[in-house]
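S.K.: Please read through the structure below; I'll follow up with questions.
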Amino acid sequence: MVRLAAELLLLLGLLLLTLHITVLRSSPLQHGNDTVSLEQDSRVAENNVNADSSSSVQLGPGDRQTRVAHIPASQPWAQSPGTGGSLQRDGPGAFLLDLQNFPDLSKADINGQNPNIQVTIEVVDSLEGSEPEKGMRKENKPGWAAPNWRNWWQRSSSSSSSSVSTPKGPEEQDYPYESNTEDSNFLKPLGDWERRVKSEAGAGSRTQTEYDYIDGEGDWSAWSPCSVSCGNGNQKRTRSCGYACTATESRTCDMPSCPGIEDAFKTAATEVSLLAGTEEFNATELFGVDTDSCERWMNCKSEFLKKYMSKVATDLPSCPCFYPTEVAYSTADVHDANTKRNFRWKDASGPKEKLEIYKPTARYCIRSMLTLESTTLAAQHCCYDDSMKLITRGKGAGTPNLISTEFSADLHYKVDILPWIICKGDWSRYNHARPPNNGQKCAENPQDEDYYKQFEEAREF
């Protein structure tokens with residue numbers, strides 16, 4: 001009997017102890033402690049969000065940014081999509097009830113010390129710009145080859161293009177890409193797809209000038225019109241040779257003779273015919289080149305020849321001491337100090353001149369051109385060595401042409417070339433009758449030793 005009473009008392013004590021433990025678990029003190037713990041956790045999470053916000057990239061007005069953060073589920077707070085950016089705290093009871101509505105969290109064990117739960121929170125300033133920014137978030141660093149890198153540059157650059165139209169508000173700014181010279185970077189010209197993107201983006205804007213920079217040398221342009229309408233002139237053409245570089249090429253152009261030039265030479269031609277005693281100018285009879293004797297040609301002292309040679313000496317310019325390089329590209333004016341006039345010269349070094357035969361030591365030659373002021377049909381002929389110095393004597397020296405090639409190439413051959421052939425290339429006898437010009441008193445070229453050597457060779461030949 002006593003034993004039965006003891007067992008009953010022990011069972012009653014266990015029931016009281018169980019009841020006491022149940023009452024303690026459901027007491028308000030426990031809820032208060034949980035609330036304090038949750039508030040402390042929420043403050044820590046809020047500080048973390050502020051730290052992340054301060055370290056994020058600052059964007060201008062109208063820009064959107066998506067923030068992604070991972071936090072433990074023991075921090076009972078969340079950002080509502082409709083709110084501007086302030087954090088909302090819920091009571092612990094409401095949080096526990098709402099937690100059951102999430103399929104992924106309904107079976108989570110929240111009684112553990114560190115529950116393995118991750119919550120994704122998106123901080124969105126505006127719903128308008130969420131889609132474009134998702135495309136930018138796919139890359140960790142800017143890719144310069146991506147089609148939309150220019151849009152990113154336009155937003156991040158502090159200096160925007162002047163072609164952007166009326167400024168918009170922060171929420172309606174769409175940043176269309178337009179540009180002037182910044183668009184055509186010579187280091188990376190626009191590709192075809194970039195041109196299409198630009199034309200679509202700026203369909204409603206004004207037309208922009210596109211510059212195509214050529215890497216290296218481009219195609220030559222068409223030749224420009226001749227600089228003169230009659231006579232001898234020049235024309236040019238250009239091409240691009242890179243950034244801020246233009247190559248220019250020029251050439252001579254021969255137009256029909258200017259009106260009046262035939263009249264200017266008519267008197268001289270008539271005088272030649274009259275003095276020769278024939279109706280036509282016969283060079284072979286005048287200079288006696290129809291014979292095989294070089295002496296007869298050298299001793300021809302007709303009155304016409306004396307008068308003509310006197311006019312040639314005063315009418316023609318003196319040879320420049322150095323080859324005028326501008327003549328190599330086109331005709332050029334060179335000032336003559338003796339006559340105090342400008343004379344027009346052209347190059348005479350081409351293959352048809354046959355310098356290796358008639359002027360064997362010459363590298364360059366020039367010939368004066370006829371003008372309306374000319375009183376004869378003659379032209380000055382000057383030749384230069386490899387160092388562009390005037391050859392004043394010897395077998396390479398130039399001699400005056402009594403008939404210019406401009407007037408008649410056939411007469412020039414009969415009067416100026418054929419006598420040299422009749423003399424069998426003996427330049428010493430030819431130059432005696434047609435002395436080379438050195439009116440500007442240039443230094444003797446070649447030197448005495450070379451000159452005498454050439455003279456002896458001519459005599460022996």
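Every residue, even glycine, has its Cβ placed from backbone N, Cα and C.
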S.K.: Ranges 40-62, 339-361: which does Swiss-Prot label region 'Disordered'?
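M.R.: That would be 40-62, the stretch labelled region 'Disordered' in Swiss-Prot.
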S.K.: Quick one: Swiss-Prot says Cys226 makes a disulfide with which of Cys253, Cys258, Cys294?
M.R.: Cys253
S.K.: Work out how many Å separate Cys230 (disulfide bond) and Cys253 (disulfide bond) at their Cα atoms, rounded off.
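M.R.: The Cα atom of Cys230 (disulfide bond) is 10 Å away from the Cα atom of Cys253 (disulfide bond).
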S.K.: List the Cα distance (Å, whole number) between Cys245 (disulfide bond) and Cys226 (disulfide bond).
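M.R.: Their Cα atoms are separated by 24 Å.
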S.K.: If you draw a 10 Å sphere on the Cβ of Cys230 (disulfide bond), how many other Cβ atoms land inside?
M.R.: 14
S.K.: Using C-alpha atoms only, work out the spacing between Cys226 (disulfide bond) and Cys241 (disulfide bond) and round it to an integer in Å.
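M.R.: Just about 24 Å between their Cα atoms.
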